[in-house]
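Visitor: Before we start, here is the structure in question, set down as structure tokens.
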Amino acid sequence: MEKFPLKGTNISTSATVVGSHPLSGDHPSYQAVGRKTASPTNERSFINTTSLTSDDEMIDITPNNVSNPNYQYHSSSNGGGSREDGVGGETLGATGSGLGGSLHAGSDNSVRTSPTHSRFGRDFHSDHEGISFSGMTDNSDDIPGIGQYDDFHTIDWQRDIARDRMRHRYIVKKRQDSFWDLIKGAHDASSGWVCVLLVGLFTGCVAGVIDIGASWMTDLKFGICPQAFWLNREQCCWSSNETSFVSGNCSQWHTWSEIIASTREGAGAYIISYFFYIAWAMLFALLAASLVRMFAPYACGSGIPEIKTILSGFIIRSYLGKWTLIIKSVGLILAVSTGLSLGKEGPMVHIASCIGNILSYLFPKYGRNEAKKREIISAAAAAGVSVAFGAPIGGVLFSLEEVSYYFPLKTLWRSFFCALIAAFILRSINPFGNEHSVLFYVEYNKPWIFFELVPFIGLGIIGGCIATLFIKANLWWCRFRKYSKLGQYPVTEVLAVTFITAVIAYPNHYTRMNTSELIYLLFSQCGISNSDYLCDYNRNFTDVKKTIEIAAAGPGVYKAIWLLTLALVMKLVMTIFTFGMKVPCGLFIPSLALGAIVGRIVGIGMEQLAYHYPKIWIFSGECSTGDDCITPGLYAMVGAAAVLGGVTRMTVSLVVIMFELTGGVRYIVPLMAAAMASKWVGDALGRQGIYDAHIALNGYPFLDSKDEFQHTTLAADVMQPKRNETLSVITQDSMTVDDIETLLKETEHNGYPVVVSKENQYLVGFVLRRDLNLAIANARRMIDGIAGQSLVIFTSAQPVQNLGPSPLKLKKILDMAPITVTDQTPMETVVDMFRKLGLRQTLVTHNGRLLGVITKKDVLRHVKQMDNEDPNTVLFN
């Protein structure tokens, strides 16, 4: 405070009409908060009332002996002031970081009135105007676009949430005025539930169409149903009277070799079928890649890394648009049908999020507020997992654990409702044609033995190792694709990978079939009707009602193990090259398939151990009765959870998805053991899951709330500009329109602090670059007398001279409550503020004087620098 000008002691009361701003260079004295008593100007404030005084109040530093009922402070032990309305000293504290100076009331203050507004803006129960965020006027049509964000920018959660609170208070107050306002209030209150209801309905319908289309086009590679070409193989065979089908084919279903050469057997038929399998796969891949490249480049990949980034507050225009929705849906059907090692579950989250984003524009409460819109997108992500797996509860937990950044309790309820509606619609459509809504329904008769926890944990360790190998290899390939000429030929890459996959996959029975069918086969228990190699045991099914006995494995089982081992290697390698290509591709189903193969092989080994040594102590006598005490399908299920958990680092949501996926509720403990072992091994071998790794690879500004900041740096070490460098600022009442336009041209900052003057750089507020451009362009177009020499004023005070052109008043776009810290604030605290408050930037002060700005990008670069990584990988603003 020793540098603050303390000349003069002229103190006016709160009713004084102030002619010039008290903190300007020629007015050094302290002043109380002045409020003009003249009639309201034509500038609109938050509420159009007739009893308001001026549209803006002057916010000033108040001396210790002048009390102001609008800004209440009480003394603290360190001499700093704190607001009585619960805001604390974050913006108006002991360091004076909100307005400058050490502000606190004297100890002799009498009883004080309650504050009439909070830091977040106006309290609509009073007629006083409070501190406002830029672009927060209820009549936001004054300057179209004010308060919105540019592409590849981060949002300000605090400002957007404050805007919604103010809008809500305004609606609540207006409800008492008329019946129509009451209806509008009811509509506003219910709009969130109506929106997620619509999202659930549309998501369920789109998922049903995708499931039906992908099933039909996948079977199209093998043959066609001449009587009704729109039926897939299973539906075509429903009309047949045959009781058994050779290799899954019935007489109603014609393979391509049968259509071309009138035969299903022999070398010629095999070659024809092989050729058509490859040809259809190439055609589907060409269509999928071409559609993505021509119409919606954002429709490629899984979409979950980008959804996580968007939900953390990042703007990616068109990523959740209508063209992305259409092309992603059509491209997903085509990509799944190619036989590539990919799934449709991750892209379903992207598709559902697109639906949520599009439908949110039907409700201005969500469409015009980026923070509120993310509540709808979080609920939509839950619906996406719900329809992908038939697991509504798992979908909600997936959105909470893996995707969402801000997940209040209200969003949890709406996500649950949205996932429920989506699952109900999909169940009504019944695209799988069975009585179960889950994807891989299983029925295991035997409980698991306590000792089996050892191989289950072993599967978790194996799953973590396979997942780490996959993540590191896939990142290496994606980095190579990104920085080499290969990235310039996306369609060629897709066709090449599809051709290699089809050529390798067809000869192996287990890689030729649909991946979902393979997982279901590996999860299944061997019975009378199962004739696969996996069930070639030396059993004699003479009594249907008799329990299945444990038996020695036949030659078919060993052949199946050999083929499954080849399938494991092939699928692992091809998934490494497939994930990240320019077609819609998910990772859930390939990961489940890898784990299910490993688990089934381990399960068969445990089963044969129990058969040959039934009386050893590890089986606790459970296997001595001759019954089948070991269930290989259970091992496949646990192995699938282990690999998926290692790849994605999910835990709670993974276990819930798995038991919802299979109906195996009694096997939660084995799933939990494998999931935790897999996560621990994955975290030990590599820090990030696949989605976080791709976020870092793409340079998205994602500040992970799960990571800890363990360095001892200060805010002054990170702020821009560094000490002794020039800080780009705007003065509150001494810069012209030309000055500001020159500043905008010469700098590329996304916002500018507003200070008292160049000499006295005490903070007044913060204004966004976009809002400045819009406001100046709007003023030049709409207001007469605005010229390049017009003063730009961010206060309520009138300019001293009135000789020049009309001044331009822009206080309406000024954020008068920016979050500030001191230069000695530990970066650990700053990082926590950015994570938990969702900040876009924070201002750094010293003794109330502005020193610099810390943006989210600065924080991310600093974190990478401290972790010995390249800080320039953070690409966007």
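Quick reminder: no glycine exception, Cβ is built from N, Cα and C everywhere.
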Visitor: Among the residue ranges 587-606, 627-646, I'd like the one that TrEMBL describes as transmembrane segment.
Guide: 587-606
Visitor: Under 8 Å, at least 3 Cβ pairs, sequence separation 6 or more: does that hold for the transmembrane segment (376-400) versus the transmembrane segment (191-214)?
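Guide: As far as Cβ distances go (cut-off 8 Å, pairs 6 or more apart), the transmembrane segment (376-400) and the transmembrane segment (191-214) touch.
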Visitor: Under DSSP, the domain 'CBS' (719-782) has how many residues in helix, strand and coil?
Guide: 24 helix, 17 strand, 23 coil
Visitor: Return the stretch with the most CB pairs under 8 A relative to the transmembrane segment (191-214), choosing among 267-289, 323-342, 449-471, 560-581, 587-606.
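Guide: Selected stretch: 323-342, with the most Cβ pairs under 8 Å.
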Visitor: What same-chain residues lie close to the transmembrane segment (267-289): Cβ under 8 Å, and 6 or more beyond its ends?
Guide: 217, 220-222, 255-258, 260-261, 331, 334-335, 337-340, 490-491, 494-495, 498-499, 501-503, 506, 512, 581-584
Visitor: Looking at the transmembrane segment (486-506) and the transmembrane segment (560-581), are there 3+ C-beta pairs under 8 A, with each pair at least 6 apart in sequence?
Guide: yes
Visitor: Should the transmembrane segment (449-471) and the transmembrane segment (323-342) be scored as in contact, given a threshold of at least 3 Cβ pairs under 8 Å and pairs 6 or more apart?
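Guide: By the criterion, they do not touch.
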Visitor: Same-chain Cβ contacts of the transmembrane segment (560-581) under 8 Å, 6 or more residues past its ends?
Guide: 289, 300-302, 340-342, 466, 469-470, 473-474, 477-478, 481, 490, 493-494, 497, 500-501, 504-505, 508-511, 515, 518, 532-534, 536, 587, 590-591, 593-594, 597-598, 600-601, 604, 690, 694
